[in-house]
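For K35, Y268, the entry in TrEMBL reads active site, proton acceptor. Residues annotated as substrate binding site in TrEMBL: R133, M316. Residues annotated as domain 'Alanine racemase C-terminal' in TrEMBL: 247-374. Taken from TrEMBL, the feature N6-(pyridoxal phosphate)lysine applies to K35.
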Amino acid sequence: MPAFAEARVDLDVISANVAALRERAPNSHFMGVVKADGYGHGMIPAARAMLAGGATWLGVAFIEEALEVRRAGIDTPLLAWIVPPGAPIGAAIEAGVELGISDPWVLDATVAAARAAGRPARVHLKADTGLNRGGITREGWPEVVEAAARAEAAGVLQVTGVFSHLARADEPADPGARDSVQAQLDAFDEALALADKAGLRPEVRHIANSAALLTRPDSHFDLVRPGIAAYGLSPMPDLRDIGVRPAMTLAARVALVKRVPAGSGVSYGHRYVTDRETTLALVPLGYADGVPRAASNIGPAALGGRRHVIAGTVCMDQFVLDVGNDPVEAGDEVVLFGDGENGVPTAQDWAEALGTIPYEIVTRVGVRVPRTYRSGAVS
Ligand SMILES: Cc1ncc(COP(=O)(O)O)c(C=O)c1O
């Protein structure tokens, strides 16, 4: 392990997770979502591991991310779905990056960029079927599919996909959420029918994220688009066992230990006070590294196979564990989260302690923390 801390990523685990997830949607293409630096795991290694596991597409949020994938020499079909004003659309077209069209202005800008580039843009039209985030509204959809069909006929556009995104797929036990998913699937069918009527014949229709991949086979269409499950974490707090393993372990080395008497206030604000003579271990990871300050006095960590809770305030670069009389010395390994074996907490445990979701825990691991990779096949 590097001197102070590391995020260890097991790429074989990512590949195995993808292979296991593919079995749940055997007739659909598999778009591995690697945005946000591969959910904190490292975008390029994660992308390669997903491809090794059987992914046939890759998905990112931004064109800049997609261009980085291309620069790494990965030529798999690749979709970038957030195109803000000023985005490098021309560069995306040149690099063969497919673009999500979430608003009429994006279609216009993409057609203009394709004309300038002298080659057609490959696009996926995004229908807003009820998330009310990105995507073309039901009212705007007929006009957009007509315009896209005209641009296709003019040879400046290829509509390779039509897609949407679900709002409540991660609550499969909630009848209201199930109704919401059904309403979105119905609206998606309508959007697809209108696209078809306009003469569009997309290669891939897609709406399923990890949760829908796992719980709604009727949402799989031609392609599924999971992120979190490929990294081994469940999108559904009530359904932890989804047949995958967490790929990332966040670990640090104890920087120093000290013995203190009962009544010692610990860290900023003395928000933790020792109730007996005890040993404190200093762990060199802080909120700059993605350990939320909100984890003060609640975040779990394992040391020598035993679970502890952070003592006092998480600082920018460090926090403290009160380990009682457990033997500990500088250099010992502390695991904040990992695969859940041998007393090690998971990112899901962190999410539950903090009232958030595991996505936020893994994506926030800071740039100062070196990622190290283990893999038999990929590096
Ligand atoms: C459009 C889109 N598709 C798919 C995903 C993957 O979702 P998940 O990580 O829940 O599988 C995301 C992630 O937020 C997304 O924004």
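Glycine too: its Cβ is placed from the backbone N, Cα and C atoms.
Feature annotations (TrEMBL) mapped to structure.
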residue : record                       : Cβ contacts under 8 Å, 6 or more apart
K35     : active site, proton acceptor : M43, G59, V60, A61, F62, E65, G227
R133    : substrate binding site       : H165
Y268    : active site, proton acceptor : G312, T313, C315
M316    : substrate binding site       : G286, Y287, A288
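A coil conformation is recorded for R133 (substrate binding site) in the three-state DSSP classification, outside any helix or strand. Note: the domain 'Alanine racemase C-terminal' (247-374) comprises 23 helix, 45 strand, 60 coil (DSSP; helix = H, G, I, strand = E, B).
Confidence for the domain 'Alanine racemase C-terminal' (247-374), expressed as mean pLDDT, is 97.
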